[in-house]
Every structure is written in structure tokens, then in C-alpha cells.
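Colleague: Next up is a structure, given as C-alpha cells.
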Amino acid sequence: MEEKLNDLKEQGIDWAFANGLIMIKKPTEEEAKNNVVNVTHVPFSLYPSKMNKKLFNEACKLAEDYNLLVHNISKDYDFLQNTLKDVFDDFTQMLLNIQRKVVKEGIKQKISLGIFRSDYMFHNKIEGEEERIYQVELNTISSSLAVVSNRVFNLHKYLIGRNDLNDNGYDLLNHPTNQSDKEISDSIALAHKLYNKEKSSVVLMIIQEGERNIYDQKGLEFQLWSNHSIKLIRRTMKEINQCAKLDEENGSVLIVDGMEISVAYYRAGYTPNDYTSSGGDEWKARLLIERSLAIKCPTIAHHLVGVKKIQQVLAQPGVLEKFINNDKESLQRVKRSFTGLYSLSKEDIDMSVVKEAIESPQNYVMKPQREGGGNNIYNDQVAIALKSMSSEELSSYILMDKIMSKSFKTHVVRDRQLLEIEGLYELGIYSVFISNGDDDIVLNKQAGILLRTKTANSDEVGVAAGFGLLDSPILE
């Protein structure tokens, strides 16, 4: 058995390097000083993980529901501003300020592109209780890993077929197709064609400095060119502030290094760490893009819908109905996906829930308003934070019931090492959405799958952040 697993490991590593399932390793100080770049495979499971088919399909069905929900909320300027005005978080307040400015000036571009990902965990706290899915979070900006997720699905198909594992419980008929890379690049291409002001325009990908997950991003760039003959350029926000301008005579066209931008696609800008210049260069770039005619992915409104406070407020009685008011089935599906979500803002904090969380912190998670992995508070730290933070500090978090999943044994490969772990997984469903103004919906569809597995004793699951690894499901 061990010999077979090692053989699978070597086959998997070779396939990963040959097919772009790779990322840049974090450099040592010496390597950084000498500009040495080392590449490794993205951590992956050796074979697919078993998953409840009914719940998988339920998660996929929710994709279009959440797309419409994000769209409807993004149209309600007053709801976003009023709901988030008391969030004690400078980052969120800066986003709100940009929205106020561009709405006052008048939105230049009616077309918007959304590339979203809704993440779910499978809840089964009590033995014998029916398993169900709960939403962990909804990502409305920089929904990454679509390219490498496609690769790990193909890796598993290769390993199963190559090693005759179909009879070992890994029937490829139960292994879903995942074209997340193509679906997302196609949506960017469609937005580019809708812009269609100048045939020589290009797509702008806004990136972080020192990006290690570059090959996931490059995969989209290559697909845009090979499938659609569309050029993509990459710039950091600091670079954009230096080299971008608006051509006011032509309706606020965004020009970067002399090139007209059709779509501004953010793979950065979701964390305060992306806005560090003392002169506010990155915030100036964000405002410039938002003021422009370029199609934004996301718009500032779409970004704000992803703030955790919105997730918490939607779970309150009567709120969701304002935004899903003509489809009872959709309303019930979305409601069913909500776990317990509680405000920590001083205006509406529920002290009985806070007291319970202090007494049983292992049953709760504190989540900050912003996106990006590694910022949540778990276990005993929840009680410490609730007791020590000021009311202003608490308002920058929400409290959430911890989703309890059953763990399973699996074999994984990280840094060329074969490991047996007790794992848990998180299922992400990509979706794409294009609207031309408030009421003209051009595209609304599910756009692929991301399955990330982590060790059962790990709280976070981010792959780029170093917590999780890529997986794929076998449905049963």
C-alpha cells in the first residue's frame, strides 16, 4: 500500500509541474536579496474526497440565487451606506467614501462584471442529524484559484484513469466536470466585448506586489489570448496611480501606459495590506478606476456587498425578503444556507449571545469585515477578544456559529512530502454575472468548483495563505 501511495505521489508531482499546478515558494531572506525564485507544486490531495451529491447540487443551485442577491443589494445605495456606516473599520469606511463620491458624480459605466465565489461547509454536529450545508462567506472580489482548481480536477482524473482506481470507489462518472478557468475567462471576454468602444482596448488585472499565486492568474491571461485574442496587462495599484489617467474628453476612458482599459479586474485591493503608501497612492488608484468608463470587476458596490456585516444583517428577519421578493424557492434556498450570524455593533449587539460565546467559545467564530484568509478569531481567543475589545473594536467583527463538520482520513502531498491527515473540506462555488444597468441581466450562471481541504485541527483553509490544499469531490 505504501509503495502504491508513493508511486501516486510521484506521478502527481510530475503531472502538477508539467500542467501548471504550481506556485512560487516564499523566498528566504537570502533568496529575496539575490532575486532567486523557487517554484513548487500547489499542495493537493492524492485522490478525490467523498461528498454528499444532494448537498453538492444544492450548493451549485445557490450560485444564481446569490448572483441576483448581490446585484439587488448593490443597487440599494442607502442600504449599503446605512448598514455599514457604524462599522469601526477604516478600510470599510474608505470604500464607503469612494462609493459616495462616484454616486454623487454619476456612475460612468452601467455595465458591471461579477466573478464571485460562495464558500460552504457541511454541518453535522450531532451523530444521526441530517447533514446540511451552511455558507461560510461570499467572496465578491478577487475570487482566486479557478485555474489551479481546474488543474487538480484534471490531475485526479489522470491518476484515477492511469492507475485503474475506478473500481476502488473512485468512479469518474461521479467526478464532476470543472471548467472554472474557462468559465471565468469567458466572462471577462464577454465583458470586454460589451465594452467594445475601442478594438485595441485591453483588460487590466490589478495585482499585489510579490504575488506568489501568479500561475493561477496567468492561466486566465493565456486563455483570454488563446480563446479570444484579448490582451491582458498586469499592474499593482501603486503602479496604476503613477501611470493611469482618465481621458475626460472621451467620457472618462481609463488609460494605463497609453492603453485603453476595457475591464478592470481586481486580484488585489481586498485587504488593508494592499493600501499601505503614506501618500494614499493605492486609494487614489482605486478612486480613479471607479470614476472611469472601464467595466469594473467588482464595482465598489459589489465589493461592499461582500463585507461580513451585510452577511449578518441579511440573516435578520425580513431583510432578505427585500432583495429576493419574487422567487419563493430562491428565498428559501438562500435562507437555508445561513448559519447563526450575530451583530457585535453597539447599536444592536445581543449580550445573551455574547455571554454564551464567552462561556463556550469553541462553538463560535469572530470574523472581520474584510476579505482575505487568516484574520478570523477562534476557540479561546473568541472569549478573550469579546472580553477585552472596546465596543468600537467589536463593531469591526461579526459573530458566527461555528460550522461542525465530520473529519475524514486522506493522503495529501505538500512540498513533495506524502502525508496522511485527518481532514475537513470547504466547498466553493464560482459564479459569474454581468448586468447592463439595473434591470438588463446579460449573464448569470454557476462557473465552476473549488474544493479546499485542511487538517481537522486547523481553523483556516486558504491555500495561498498556506493553510489548506486543493481537492476535488467524488459524489455519492
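Using N, Cα and C of the backbone, Cβ positions are placed for all residues, glycine too.
When I checked Swiss-Prot for this same protein, it listed these features:
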type	residues	note
BINDING	Arg117, 141-144, 211-213, Gln217, 267-270, Arg452, 463-464	substrate binding site
BINDING	Glu137, Lys308, 367-376, Tyr378, 400-403, Glu426, Lys454, Glu460	ATP binding site
BINDING	Glu137, Asn139, Glu371	Mg(2+) binding site
Colleague: Should any of the binding-site residues Ser144, Arg212, Gln217, Ala268 have a Cα within 10 Å of the Cα of Lys454 (ATP binding site), which are they?
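Modeller: Of Ser144, Arg212, Gln217, Ala268, within range: none.
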Colleague: Helix, strand or coil: which one is Gln217 (substrate binding site) in, per DSSP?
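Modeller: For Gln217 (substrate binding site) - judged by DSSP and reduced to three states - the answer is helix.
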Colleague: Should Arg117 (substrate binding site) be counted as helix, strand, or coil on the basis of DSSP?
Modeller: strand
Colleague: Of the binding-site residues Arg117, Ser142, Arg212, Tyr270, which one sits closest to Pro368 (ATP binding site) when you measure Cα to Cα?
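Modeller: Closest by Cα: Tyr270.
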Colleague: Using C-alpha atoms, which one of the binding-site residues Arg212, Ala268, Tyr270, Tyr378 comes nearest to Asn139 (Mg(2+) binding site)?
Modeller: Tyr270
Colleague: Counting all other Cβ atoms within 10 Å across every protein chain shown, which of the binding-site residues Ser142, Ser144 scores highest?
Modeller: Ser142
Colleague: Spatially, and counting Cα to Cα, which of the binding-site residues is closest to Glu137 (ATP binding site)? Options: Arg117, Ser144, Gln217, Ala268.
Modeller: Arg117
Colleague: Please report the Cα separation of Arg117 (substrate binding site) and Tyr378 (ATP binding site) in Å, rounded to an integer.
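Modeller: Rounded to the nearest whole number, the Cα-Cα distance is 23 Å.
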Colleague: For a quick check of packing: other C-beta atoms within 10 Å of the C-beta of Asn139 (Mg(2+) binding site), how many?
Modeller: 20
Colleague: Determine the minimum-neighbour residue: among Tyr270, Tyr378, listed as binding-site residues, which Cβ has the fewest other Cβ atoms within 10 angstroms?
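Modeller: Output over binding-site residues Tyr270, Tyr378: least Cβ neighbours within 10 Å is Tyr378.
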Colleague: Please work out which residue of Arg117, Arg212, Lys402 has the most C-beta neighbours within 10 angstroms of its C-beta, and give that one of the binding-site residues.
Modeller: Arg117
Colleague: Count the Cβ atoms, other than its own, that fall within 10 Å of the Cβ of Lys454 (ATP binding site), considering every protein chain shown.
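Modeller: Around the Cβ of Lys454 (ATP binding site), 21 other Cβ atoms lie within 10 Å.
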Colleague: If one measures from the C-alpha of Ser144 (substrate binding site) to the C-alpha of Tyr378 (ATP binding site), what distance in angstrom results, rounded to a whole number?
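Modeller: Cα of Ser144 (substrate binding site) to Cα of Tyr378 (ATP binding site) measures 24 Å after rounding.
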